[in-house]
Amino acid sequence: MTTGPSPIEMLTARNLECIRGEHRLFSNLSFSVNPGELMFVGGPNGSGKTSLLRLLCGLSLPDDGEIYWNGTDIRKLGVDYRDVMTYLGHLGGIKDDLTAIENLRISCALAGCEIDEDQAADALGQIGLAGREMLPARVLSQGQRRRVALARLLVTRTKLWILDEPLTALDVAAVELIKGILEHNLAKGGMVIMTTHQELVMSTVTVHHLVLS
């Protein structure tokens, strides 16, 4: 990983600092992620992993430092930055009373990526939920609910994916499926920044590890 903003780097963090209450989670944190690269963010609970991801997707502001997309501070980009970035939080945002299709379509619409019912059903089928598309989320297992949230990765057109614990509650087959989706995005020049407590071997792409303490 390299440091400092540059027009040729796709996502760059420079001297980030994050304070929560009286606790400094991290400071002077700098890195860059380029097309085709994956960065794993690790560290113990409470080290600031989720806080960092929220900074990178613009949901929170750093106490110090800057984040650049293609050489421009993301605070100046506004909606233009959200148009190139997909963020999936660790809770998934799944609503119990909505069907799998409804959950997927609404989450896509909120992210600025409208899809029709057929597209939603196709994505859910690809991610292993064929036959469960019209079931209310309340009857789905935790792993199936997670798949509904992750199905958005199959329809998004964004280059940068920021994923908070995407593998939580997934079985081995589902993890391998998500691994293939990530590799496909990276092969097209996409970028992935993610946290995970599970080991994920990615032998065909450039992988960085950022460990918070």
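Residue positions begin at 1 at the first shown residue.
Cβ coordinates come from backbone N, Cα and C, glycine included.
As given in Swiss-Prot:
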| type | residues | note |
| --- | --- | --- |
| DOMAIN | 11-213 | domain 'ABC transporter' |
| BINDING | G43, P44, N45, G46, S47, G48, K49, T50 | ATP binding site |
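Overlay of Swiss-Prot feature records on the structure.
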residue: G43; record: ATP binding site; contacts (Cβ under 8 Å, 6+ apart): K49, V211, L212, S213
residue: P44; record: ATP binding site; contacts (Cβ under 8 Å, 6+ apart): S213
residue: N45; record: ATP binding site; contacts (Cβ under 8 Å, 6+ apart): none
residue: G46; record: ATP binding site; contacts (Cβ under 8 Å, 6+ apart): none
residue: S47; record: ATP binding site; contacts (Cβ under 8 Å, 6+ apart): L25, F26, L212, S213
residue: G48; record: ATP binding site; contacts (Cβ under 8 Å, 6+ apart): C18, R20, L25, F26, L212
residue: T50; record: ATP binding site; contacts (Cβ under 8 Å, 6+ apart): G89, H90, D164, T195
So K49 (ATP binding site), by the Cβ count within 10 Å over all chains shown, scores 24
Same-chain neighbours of the ATP site, Cβ within 8 Å of the mean position of the Cβ atoms of G43, P44, N45, G46, S47, G48, K49, T50 and not counting those residues, run in sequence order as L25, S51, L212
Would you mind pulling the DSSP three-state label for S47 (ATP binding site)?
coil
Whole-number mean pLDDT, the domain 'ABC transporter' (11-213), equals 95
